[in-house]
Amino acid sequence: MEEREETSFLEQLRQEGLITESTRPVWEMILPRRLRRMYEVLNERTRYITVLIEAVDDPHNQAAVLRTAEAFGVQDVHIVTGKAPFSPNRLVTRYADQWLTLHHKPDIKTAIADLKSQGYQVYASYLGEGTIPVSDIDLSQPTALLFGNEHSGVSEEALRLADGTFVIPMYGFVQSFNISVAAALALYDVTERARRQAGRHYYLLPGEKKALYEQWMWQTLNPRIRKQLQQQGYAIQTNEGQLGSFS
């Protein structure tokens, strides 16, 4: 990025409130091309669509869902652990989780109640009777897609609390996809449709963008530099959920 272009871009970030004098110690340490890349991704981020996973135990599947959500611009993933701890495989995530906001919930009842209180409708992945194709989900309001355990699927309680269920139509002998594949196919469909249908409501609000951009700037710093800034009493404060590991 040429100096004139760099100056113009930084001024644009200032005008949008994404960088300020108070965050100068952070953004001055980041290459302009990195700031631009984060800005481009930020402008495609959404909270209109979100993901809830219930008792997904396999670290590879945990990681694959996170990586898929990040790839489609879905910022929030809500997590209810099962028998195994939530420990996504970093070889699979490729550190995609560090750009996401992870919300750990104690149980599925709390998770769904919290989502509904925020205006989401919850649709659970389910192969049973009465389910609808994922392409038929009405996206006129914010929507959470719920995926369950690799073997047993979503719980009976989750089915009872969800607003509806969906399936990815299949035409072969096998009856179900692996959760990582199901999440990818479903998220592709709903994010593409919601982006067209919801318009500006699909994207983050200015305040959300500012908070997230500050997180990402802090996140992208070399750990040694972060430590130095912390020793100087500097840290970006946020009300967001737990961001992925800084390590």
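Cβ from N, Cα, C; glycine included.
TrEMBL: automatically predicted annotations, no manual curation.
The Cβ of ILE168 (S-adenosyl-L-methionine binding site) has SER125, PRO133, VAL134, PHE177, ALA182, LEU185, ALA186 as same-chain neighbours under 8 Å, each 6 or more residues away in sequence. If you look up TrEMBL, you'll see SER125, ILE168 marked as S-adenosyl-L-methionine binding site.
All protein chains included, SER125 (S-adenosyl-L-methionine binding site) registers 24 other Cβ atoms within 10 Å of its own Cβ.
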